[in-house]
Amino acid sequence: MTSGDHLFARLLKRSDTPSTERPEPATVQPAGLHLHLNHHGQLLHMTGSLRHLLAQQLAADQPLPLHDFVLPHSTLVLEGLPDDWQGQMLDLDFPGLGEQSLHLRGWVQPSSEGWLLQLIDVGDLLLERHQARSREECQAMAAQISEHLRACSLARLPVIVDEQLQTIAQRWHMPCIALALLDDEAQGWQIHRQFAAHDAPALWHNQQALGSLLDSLNGTAPQHLSGNQPGIHHPGINQPIANQPLFDQQPRLQALFGHADGFAVPYSDDRGVAAWLLCGFYSALEKAPELGDRDWLLLLSALAGPLLSRLREQQHHLQLERMELLQALLGTGWWEVFGADEIHLAPSLASVLQLDDTRLSLDAWLRQIHPADREELRSRMHALQQHDEPLSVCVRLHRGDAQLNPPHLDKQQQPIWYRLQGQAIGSGDSRRLVGFMLDISDMKNQQQHTAAAHARLDNLIASSPAVIYVQRYVEGALIPTFFSASLGPLLGWNLEDCAAAALIERVHPEDRDRYFERTRHLLREGSVRARYRLRDCRGDYHWLLDEAKLLRDDLGLPVEAVGLWLDVTEATLAAEQVRQSEERYRILVEDSPAMICRYRPDLTLSFGNRPLATYMEVEPAQLPGVNLGSWMSDEQRAAFLQRLSLLTPELPVSTAEISLQLPGREHAWWVWSDRGVFDEHGRLLEIQAVGRDNTEVRRSQQQLTQSAKMATLGEMATGLAHEINQPLNVMRMAIVNVLKRLDNGDVQVDYLSDKLKRIDAQVQRAARVVDHMRVFGRRSEIEQQPFNPLDAIEGTLSLLAEGLRGKGVELRVGENTFTARVRGHVDQLEQVLINLLVNARDALLSKREADRGFKPWISLTAERDAQLVRLWVEDNAGGIDARLLERIFEPFFTTKPIGVGTGLGLSVSYGIVENMGGRLSVANSLEGARFCIELPVVAEG
Ligand code: ADP
């Protein structure tokens, strides 16, 4: 049915005489309008059904000019009088009821009253023509729009769309128009472009997001949207509004159209509704009644169709571009296998692999793969080809021919890894084998580096004395869940052995409290450092240093503890030993009765213990900084330093009796042991010394020596008398002789002076003996002095020589010409020699008592080498019983009768020689005893 048919149907329904037949205009009364006119063209009366539709009715018998009835533009047709109109087709428009006009066509013919103008309704005919024209126009416009959209460049597309929207809007008087497209990315509708007349309010803007708002519209036909209240009829001569106003259900949709009339045209393609043309403040029914749904749909499809395809084309193009870029960036690309042995590669891939062609044989392609991976790939490819098994494999590229590889692939000669994935898609004839290749060198190399680093770390941990562990937090308790592999070598356990309860069992009973405290501290503070003993599988305990940290989740709740056990057994035991030995040392040093100190080579004390401080009458704290040398005379100090200078790392210890001069106090004697501490270059750093006060011993020794000396003197009294008697005798003889000569008067001067000289010599000799006796009887000097040992021999002989000769003992004294100096007291060495000579004389005399013919002798000799001076005293008295040899140096040991021997001679002598740093020894020679005094030579200068 055409719209014209509709119209007729409607008209017939409204006419008074309903009929389905269309009346013949010339013969049948009167379906149209019959106007009866007089000769002047004035309307007399009218008949026909259409007369009811006219706006203006004729008052009874009041002829009116026909002009008054027609619309102004129709008056032109009615120029002149009816007579002139004969034979013409007259198209006249009459104002109708409401705002409609009636389009009528007719002709005049003479009638009885004058003229009869018969008219029929040609509104539909006109409308149809009008519509046809509109449609043509519409089609032309559509063609033009589509042409524009197809032809323009992508860049100008938005402008062109705007222009087309403007054209449509202006042609059909739309205040606002917009094209809404389904936006794939935003998953909703969006105003693509819009146009608003300059005097229209802006309903929309470009790129306005509409969400799912338009989904509620029925997308098969244009939608008329009425802004009027429901229930109010919207008058119109066209179709009644087919749909209920949608705005009732969709207040937001109503808002979109500004709460006014709206019109929306859908465009559908294979994806469903893809576009809407939105017209605001617009009622298509009123403003463009000539356009039907089809016209609107056509118009929009001309706009949306090409636009969408251009946009999709653009999107596709962009996607392709992005893909290409991505493939190039990632070194990736697709591949597809054709037939049995041909492979087609993405151009990007072919260029990365430096292949000339994108199509190549499967074998040629496999040759690009490293031999180590080639056969695996071949087999998997086969599995894909034959059994559709999806392919996923990582392979290295073959770089045997370095020239084939781009230079950047050769950097550091690292392998180039590719991940290859592929699968079969489709089936039957359309089955294809496609996949991609992705450069994963970075990842793979990273992975290998990581794996290597991991392995190294694992190794390190496994071989280190450290165990890394993890304890999981379960309801306040920490349960071991992991131990590093080093647990085995260190303690000989595995994870099961160290479950929570078992672990406590292995903690040393004395350390369990520490362990519990460690766990509490860890949970409280988040980290802990503790030390406790743990039993290993052999039952030995290890000291472990435990350092742990608590890891928490986002909510701050404990998750697990990660920690480290370090075996510090050796260090701990060593530290304990050091502590103990330090303690012992401290006790030793502090509580020792000995004087202990440490001092630097310049003799400055760095430490001195209480006995030393007590001796020096100060507090121990006052000792550091005091110079040891300040307690000595210059000579003592020089001797002390001389002794220290002999210390070496090989022989670091030296012991000596030192004498000190303490200000305001009597002389002190210390037996002093020094131990030098050296650095790695052999330099003396400090000296540790232990000493004991020997003053008392020294003093009694001196007294002993003195009394022994006095005893010697007493014992020698006879000898001495002889020594003095001898010169007296010589002098007496000389005087007697001189007196005799005087009596005879036979005195010559020469004779006299000769005798007087002899007397003088004898006087001198006696004086010497007496002098020496006085010196010998004196107490020894306190300090030792350097002296020539030959002086002591001479002194001894001056006292004893004459006496020995008087007793018939031959004295053999060697020629001693050397010079040397030893340290000590010359009188004491003399006393030693006297003791030895007197002992020898006693032994000789007692032997001669038994044997009258015995010829006794004593030899006294001296010799020296670089270090020592040796004095020998030998006799021929038969020696000392071998069983007594060891005992003769003991004090009070004597074989002589009571009252004769004291048993002190040799023991005192021994002490004297020892004090001089020397040694007194005895051996039996062939004929008798042989004593030897060894004395160290004092360095000259
Ligand atoms: P005294 O002379 O008062 O006995 P000494 O200590 O001087 O004490 O001597 C100890 C002993 O050593 C002597 O009694 C003697 O037996 C022995 N003796 C010392 N010198 C000699 C010697 N030259 N020959 C043999 N015996 C000796």
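The backbone N, Cα and C atoms fix where each Cβ goes, and this holds for glycine too.
Predicted automatically and left uncurated, TrEMBL annotations should be read as such.
DSSP assignment over the domain 'PAS' (481-526) gives 32 helix, 4 strand, 10 coil. What TrEMBL lists as domain 'PAS' is 481-526.
Summarising the annotation, TrEMBL assigns domain 'PAC' to 528-580 (among others).
For 654-706 (among others), the entry in TrEMBL reads domain 'PAC'. The DSSP breakdown of the domain 'PAC' (654-706), given as helix, strand and coil counts, is 12 helix, 28 strand, 13 coil.
Residues or ranges marked as domain 'Histidine kinase' in TrEMBL: 719-939.
Scored on C-beta pairs under 8 angstroms, the neighbour of the domain 'PAC' (654-706) with the top count among 481-526, 528-580, 719-939 is 719-939. Helix, strand and coil residue tallies for the domain 'PAC' (528-580), in that order: 12 helix, 30 strand, 11 coil [DSSP].
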